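Pulled from TrEMBL:
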SIGNAL    1-19  signal peptide
DOMAIN    74-143  domain 'Copper amine oxidase N2-terminal'
DOMAIN    161-256  domain 'Copper amine oxidase N3-terminal'
DOMAIN    304-706  domain 'Copper amine oxidase catalytic'
ACT_SITE  Asp375  active site, proton acceptor
MOD_RES   Tyr460  2',4',5'-topaquinone
ACT_SITE  Tyr460  active site, schiff-base intermediate with substrate
Amino acid sequence: MHMKTALILLVLAFATIFALVCVLLTRGRAPGTCQHQPPEPEVPEDGRSLVFADLTPEELAQVVRYLRGSLGVPLVDASRAKPSDNCIASVDVQLPAKAEVLRFLDAGGDRPPREALAVLYFGDQADPNVTEYVVGPLPVPTYHRDVTVQKYGGKVPYHRRPTLAVEYEQIAGFFKSRVFPAAPSFMRQVMEYDGTSLAAVTAAPRGFQSGDRATWYILFQNVSGFFLHPVGLEVLVDHGSLDMGQWAVSRVFYNGQYYRDMAQLESAYVQGRISVEKVRRVPPDGDFSSMRPRAPWATTFPLQYEPQGPRYSLRKNHVAFQAWSFAFGMSVKTGLRLLDIRYKGERVVYELSVQEALSVYGSNCPGGMSTRYMDGSFGIGRYSSPLVRGVDCPYLASYVDVHYLAHSQEVRTIKNALCVFEQNLGSPLRRHFSNLQSLYYGGLVNSALVLRSVTTVGNYDYIWDFIFYQNGAIEAKVQATGYTSSSFFHGDGLRYGNRVGEHTLGTIHTHSVNYKVDLDVGGVKNSLVAHDMAFEMARAPWNPEQQIERPRLTKRVLDTEDQAAFRLQSKIPRYIYFAANSKNKWGHQRGYRIQIVSFAGDHVPEASSMERAISWARYKLAVTRRKEEEPTSTSIYNQNDPWTPTVAFADFIDNETITNEDLVAWITAGFLHIPHSEDIPNTATVGNSVGFLLRPYNYYDLDPSIYSHDGVFFTSEQDFTACEVNPIACLPKTASCSPNFPPFTYEGFKNMSRL
């Protein structure tokens, strides 16, 4: 369930926008006034986290201004560039090298220079190529350096470039001016095409060998939720030439049959040699694909609020919550990332970031069967959704705007692209009721901090969460929702999914998400240790005639990268952790355990000609030495040339020693999705959540949450209705207020247009 809109026809999602009116009834008390502005942090953030900050709109504009005046070649705005033009495809922050940052953060060194990474398409050259420049220092650049060869070992061929929005618009024009007119009778009588009634979705990758740029486009009825309304027509367009006049149709598919081009399809139709499957026109709201509620608004759902204001601080790109602190940012390509994560002032993770989201499809239609989407190429961060208060995040969460520059020289702003909130998970983090000997109750509410963004890439919505618990654990979680992808139902379609509409096949596919986790446990130098269990047979010491099968602890240090690379379906030690050089009070190596939550489908066979481009998905976990020259597990250039991958993760694993080194864990979580009728109109997040946890393992001398201010404890001898004994007893008073909900606003439809 994951098709990209080709931006041939951008159909806006409909959102139900409503105002929330809430009156909380109190127990005979007049409602008070709740504070909803974050309080001043106890220790003000000193600005050091800005070393990781995303570029500001002013900095982005300065980089564009510098490049336009310094490269000596004409640059066309990417929003209107032809393939044969030069343009700035994107600008993002260039994070400094880790060693420089640590000298600055930990050793009083100089602040590293602030730099940008600019990706340029040079189509107006004798040797068209993609070039990456580091530009700095900001805010006023004075230099640029070409880092392409240094990063990738050579130039990036032009055919590997991610497709710009304007190229999709140009392909849309090609369809309207040259493709559809070649079959006038078929388009009018069978497709009932009126110039605007069809929407198209791109498949990817684009061909079968390096150098190809030929894309299948799947046609749908242009209605709300069009992803569920295929019409049976798919067209293969060769758009590899930089001269758009040379673009051509390479193949046409209709209702199970292939044709050389649209003219041949038209001829077969006119001569009655075609099997026509008439698709009923659906209303603009999409009928069964509509997200419009089928029931009227009733009572208000439960709401979450902080009676005394938020217990976290949010300053620019820095968040502090109880013992936690971290910096955050949004990469145009890979989305949300966290840096310098600390617990009680001690760094636990240097970098925690999304790397890629992959979907591999099956179908008996050409577009579906050839699709392997690598979302980083489309832009996981670029397609961040404006978040809707009260639905995407709690109404009173803190919201953060994101600025980016991609596919245009104009800086864009995504309003409310991130949200931060503390969430009462409704269950205890830990508890015990003692009914033997002494009588007491002890418990701790499981209240955690959440940082969230949502990416909408075409039909699919990914909800990205990073969750911080009071016991020192971190969870990275992605939930999948949105529209399922579909193919036109015909022939043996049931081999590739379930039928979910009269002409709609929900096609089988896998989802795989890759994360980079640069753990620094008790320092930069770590080792990887595996603990597990085995049964041993023993004679009972008090009765040698009796045998006992007792579990025992197994221990193993994984010394090399090869030993630390665990294939997707292989067995992995149940306790695998990054171990520090230091020990806790009880003599154990301090560590952080990696616990993966995944029910991934099978990986693409390694014999596939394109598998190396997605070779990170071979492994549920791979631990390698950290290297500045291996910053990401993939590349935005892999999507359009997976047969000669610009970055092949498998090459990272070369059996180097990983004992007492700076290590990185590359984690893949995923699931198999066989769409079914309950995925209509939308896939629910329930059961479609995967990720991993980082959990302290002998890192502390005891559970650090025992020091939480939220603990509850009382004995049978105490007056547990008294506030000084039991803070929960105070809630009828301290929480007896009507929260001041700000007015509902939403700017997600601003600066959007239908193509």
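Cβ coordinates are placed from backbone N, Cα and C, and glycine is handled just like the others.
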Can you give me the Cα-Cα distance between Tyr460 (2',4',5'-topaquinone) and Asp375 (active site, proton acceptor) in Å, rounded to a whole number?
10
Taking DSSP states H, G and I as helix and E and B as strand, how many residues of the domain 'Copper amine oxidase N3-terminal' (161-256) are helix, strand and coil?
30 helix, 29 strand, 37 coil
My understanding is the cutoff is Cβ-Cβ under 8 Å with a sequence separation of 6 or more in the same chain; which residues meet that for Asp375 (active site, proton acceptor)?
Glu356, Ala357, Leu358, Ser359, Thr455, Val457
Per DSSP, what is the residue tally for the domain 'Copper amine oxidase N2-terminal' (74-143) in helix, strand and coil?
9 helix, 26 strand, 35 coil
Provide the number of Cβ atoms within 10 Å of the Cβ of Tyr460 (2',4',5'-topaquinone), excluding the reference atom itself.
25
